[in-house]
Amino acid sequence: MSKKRLYEIAKELGKESKEVVARAKELGLDVKSHSSSVEEAVAAKIAASFKPAAAPKVEAKPAAPKVSAEKKAEKSEPAKPAVAKEEAKPAEPVAPKTEKVAAKPQSRNFKAEREARAKEQAERRKQNKGNNRDQQQNGNRQKNDGRNGGKQGQSNRDNRRFNDQAKKQQGQQKRRNERRQQEDKRSNQVAPRIDFKARAAALKAEQNAEYARSSEERFKQYQAAKEALAQANKRKEPEEIFEEAAKLAEQAQQVQAVVEVVPEKKEPAVDTRRKKQARPDKNRDDYDHEEDGPRKQQKNRSSQNQVRNQKNSNWNNNKKNKKGNNKNNRNQTPKPVTERKFHELPTEFEYTDGMTVAEIAKRIKREPAEIVKKLFMMGVMATQNQSLDGETIELLMVDYGIEAKQKVEVDNADIERFFVEDGYLNEDELVERPPVVTIMGHVDHGKTTLLDTLRNSRVATGEAGGITQHIGAYQIVENGKKITFLDTPGHAAFTSMRARGASVTDITILVVAADDGVMPQTIEAINHSKAANVPIIVAINKIDKPGANPERVIGELAEHGVMSTAWGGDSEFVEISAKFNQNIEELLETVLLVAEIQELKADPTVRAIGTVIEARLDKGKGAVATLLVQQGTLNVQDPIVVGNTFGRVRAMTNDLGRRVKVAGPSTPVSITGLNEAPMAGDHFAVYEDEKSARAAGEERAKRALMKQRQATQRVSLENLFDTLKAGELKSVNVIIKADVQGSVEALSASLQKIDVEGVKVTIVHSAVGAINESDVTLAEASNAFIVGFNVRPTPQARQQAEADDVEIRLHSIIYKVIEEMEEAMKGMLDPEFEEKVIGEAVIRETFKVSKVGTIGGFMVINGKVARDSKVRVIRDGVVIYDGELASLKHYKDDVKEVTNGREGGLMIDCYNDIKMDDVIEAYVMEEIKR
């Protein structure tokens with residue numbers, strides 16, 4: 001079976017598609033829109049549901065539009081009403097049905113409308129007597145023009161255009177005539193003209209009458225009061241008369257005030273302006289007529305974008321409502337002027353250094369100009385964007401009568417505050433922690449051997465030159481209690497490392513060799529421990545040697561303030577032999593005893609804080625830092641700020657190289673995850689989140705850079721001479737690369753302390769890690785050489801150094817680096833020469849030779865006169881000339897020298913004024929060794 005769509009059914013029924021869709025849904029059909037299709041049986045069912053309008057389907061379609069079209073013809077052709085009526089007669093039988101259809105514009109019969117328009121055009125052509133041509137004729141004419149072409153076609157087109165314009169003008173004139181006829185018919189409906197003078201006179205008379213009615217009561221009251229006063233005056237004395245008159249006058253004023261306050265009821269004012277008559281029957285095409293007469297014809301009437309009804313257009317409405325149109329704005333009330341609100345001054349003002357004038361004005365709700373004026377009166381020239389110091393802000397607030405308080409801001413980037421804040425640790429959560437013990441002493445007194453014995457390992461045998469290069473942190477267990485040991489180098493170059501070890505330690509073990517006694521680094525270690533207020537345990541080592549004398553060591557230490565408990569002091573002394581493991585247990589028990597006396601406590605519940613023991617740059621791991629946790633607990637993935645760098649703890653390893661996830665107080669660990677290698681001795685702190693840690697780290701790095709820039713020495717009158725002198729010095733540029741940060745610091749400090757007159761050391765760059773290509777490039781650019789300490793260059797860096805002729809010096813012992821640097825610095829100095837007199841001679845005779853000069857015959861009286869020596873001419877004890885010899889002869893032979901007691905002849909270069917008895921002094925310049 002075939003199907004039908006709903007809009008087809010609606011077209012057949014003369015209904016709207018949405019009505020058919022709604023009726024189908026009421027019948028229970030599953031349809032979605034007018035495009036849905038149904039079976040023919042279902043379509044018949046839907047059609048049957050529209051019983052009132054279903055019978056005359058086919059006949060109603062042409063009839064309805066004919067009526068509507070011919071009605072339009074009646075409107076457009078008012079001059080021919082008879083023709084329209086005659087054409088409408090055949091549609092009379094179906095008139096009731098077509099009215100229903102005509103009410104639905106969606107079902108218009110376009111064919112009938114086209115026929116009606118064609119008839120209308122035919123009628124117009126008859127009336128114009130052949131001046132207008134139909135569309136078909138115009139089309140034929142265009143075809144003929146196309147065939148003819150040339151000038152004839154152009155002239156035909158011009159004629160056609162002229163005819164079209166004439167036809168258009170005739171049509172417009174016809175419509176204007178028709179509208180004028182309609183205006184004449186409606187002329188009897190125009191309102192009569194208003195006499196404005198009569199209207200104004202009537203309005204004025206009405207106002208005068210109203211005023212008379214309102215003032216009548218006041219006049220009666222005043223007259224009654226006047227009569228009463230006259231009667232009273234007949235019976236009263238003059239004084240009483242004046243008093244009564246005053247009272248009555250007062251009452252009259254009060255009455256008049258009441259009358260003036262009571263508003264008078266006025267009739268609404270009559271609008272006397274001429275009103276425009278309503279024109280409901282006026283067509284939209286009446287553009288060339290208004291009530292006041294004809295107006296200019298609009299141009300470009302055929303444009304679709306032009307607003308045809310200018311009277312109702314938005315553009316004209318906006319133009320009439322503009323601000324400059326006095327006609328529409330005469331009755332508008334002016335906008336009220338906003339008054340500035342008065343704000344009271346605050347009682348307190350919390351400020352920070354560096355606040356600007358604009359910020360202060362906003363806080364106290366005053367204008368910046370007012371504050372600038374007050375500052376000017378105080379003698380301070382400022383603008384609204386200028387920062388003020390705290391003292392100026394306080395004086396300004398005193399002038400306003402406001403109490404000024406400086407705001408205490410918490411610096412998020414300040415790590416040191418965690419170490420000094422009282423409220424950071426929870427007193428209820430404090431537990432006992434392991435002691436941190438630092439082993440200190442002179443070079444080769446057995447510090448690393450002792451630590452090796454404690455750890456039962458042989459790390460000490462691998463140390464180059466018998467000295468420890470960097471701090472090692474280890475933990476051991478004694479009697480169930482942990483002890484953390486720090487090993488510090490004893491060489492003089494590592495002073496900063498020993499001071500750093502003393503600052504983080506709880507107990508110092510001072511190792512002194514029984515055969516050597518007290519040495520310079522021993523005294524330095526004592527001073528560091530006393531400065532840090534750390535108790536000292538003296539371990540007298542090497543008691544197994546034949547020349548050991550512990551008593552001498554005790555006496556020497558007593559001279560430096562370290563007294564034994566046996567001598568009435570507070571330092572414990574233990575005689576040990578680290579090599580043969582003698583009295584090691586006694587030493588550990590002494591350490592635990594001193595730690596118990598100190599009552600060392602820590603809070604493991606807070607975020608971890610501590611100190612960097614060492615830092616290095618690993619090729620595979622990146623920046624590696626050895627940390628000593630002093631308070632709190634350090635966990636993996638904690639956001640951390642270390643010195644001027646930051647990061648997240650990626651991995652942690654203990655002193656045995658095993659990975660751990662948690663590190664408690666007094667625990668040394670190595671961590672990775674920092675973006676840069678920190679400096680040894682820097683503090684670290686764990687933050688709440690990575691965002692705050694990053695902000696703190698970046699802020700600390702920025703401050704460090706600013707501090708470094710501010711430390712640059714500026715030239716002044718005081719240091720001008722030193723600056724000029726320093727410019728004459730020669731410089732040795734050095735790039736230092738080491739395995740750990742402590743060695744880098746020690747090398748830098750030691751090289752800068754080398755004192756060679758005329759030469760200074762400039763550290764171009766120093767870092768931890770292997771020597772790479774960028775180091776070689778920097779050395780070539782800065783004319784420097786590279787010192788590698790316990791590191792090696794990469795193969796690429798070695799090849800580049802050979803190609804660029806960059807010198808790389810590799811060392812593992814620090815004092816060898818210092819000696820080599822001194823020799824290099826001395827070799828850079830300009831040689832110094834010393835004058836040495838080698839002989840004297842006396843002129844016996846002079847000979848003048850033309851074209852040669854003056855030859856002086858001489859006799860050597862002391863030493864010798866050499867050909868390559870310099871000479872001075874001395875006459876009467878005064879040096880006349882100082883120069884070189886041009887020639888030296890013995891008789892006629894050229895000789896290299898003339899010895900004592902012999903005679904010869906000489907010529908002096910560029911000097912001929914030689915006279916008899918002149919003394920010739922010969923001398924040479926010899927280089928002085930430094």
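Counting starts with 1 at the first residue shown.
Just so it is clear, glycine is given a Cβ too, placed from its N, Cα and C backbone atoms.
The region 'Disordered' feature in Swiss-Prot is assigned to 50-217 (among others).
The feature compositional bias 'Low complexity' is assigned by Swiss-Prot to 50-67 (among others).
Sequence annotations record features per position, and here Swiss-Prot assigns compositional bias 'Basic and acidic residues' to 68-90 (among others).
Among the features that Swiss-Prot reports, compositional bias 'Basic and acidic residues' is placed at 110-125 (among others).
The feature compositional bias 'Low complexity' is assigned by Swiss-Prot to 129-141 (among others).
Residues annotated as compositional bias 'Basic and acidic residues' in Swiss-Prot: 157-167 (among others).
Feature annotation from Swiss-Prot assigns region 'Disordered' to 260-346 (among others).
The compositional bias 'Basic and acidic residues' annotation in Swiss-Prot covers 262-295 (among others).
The compositional bias 'Low complexity' annotation in Swiss-Prot covers 309-318 (among others).
Per Swiss-Prot, the feature compositional bias 'Basic and acidic residues' maps to 337-346 (among others).
Taken from Swiss-Prot, the feature domain 'tr-type G' covers 432-599.
Residues annotated as region 'G1' in Swiss-Prot, with similarity to another entry given as evidence: 441-448.
Packing around D444 (GTP binding site) is summarised by its Cβ count: 18 other Cβ atoms lie within 10 angstroms of its Cβ, all protein chains included. Per Swiss-Prot, GTP binding site is recorded for 441-448, 487-491, 541-544.
Under the heading region 'G2', Swiss-Prot lists 466-470, citing similarity to another entry as support.
What Swiss-Prot records for 487-490 is region 'G3'.
Taken from Swiss-Prot, the feature region 'G4' covers 541-544. Listed by sequence, the residues of this chain that lie at least six past the ends of the region 'G4' (541-544) yet keep a Cβ under 8 A from its Cβ atoms are 445-446, 449-450, 511-515, 550, 575-580, 582.
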Can you give the mean pLDDT for the domain 'tr-type G' (432-599), rounded to a whole number?
78
Cβ-based isolation winner (fewest other Cβ atoms within 10 Å) among the binding-site residues G441, K447, I543:
I543
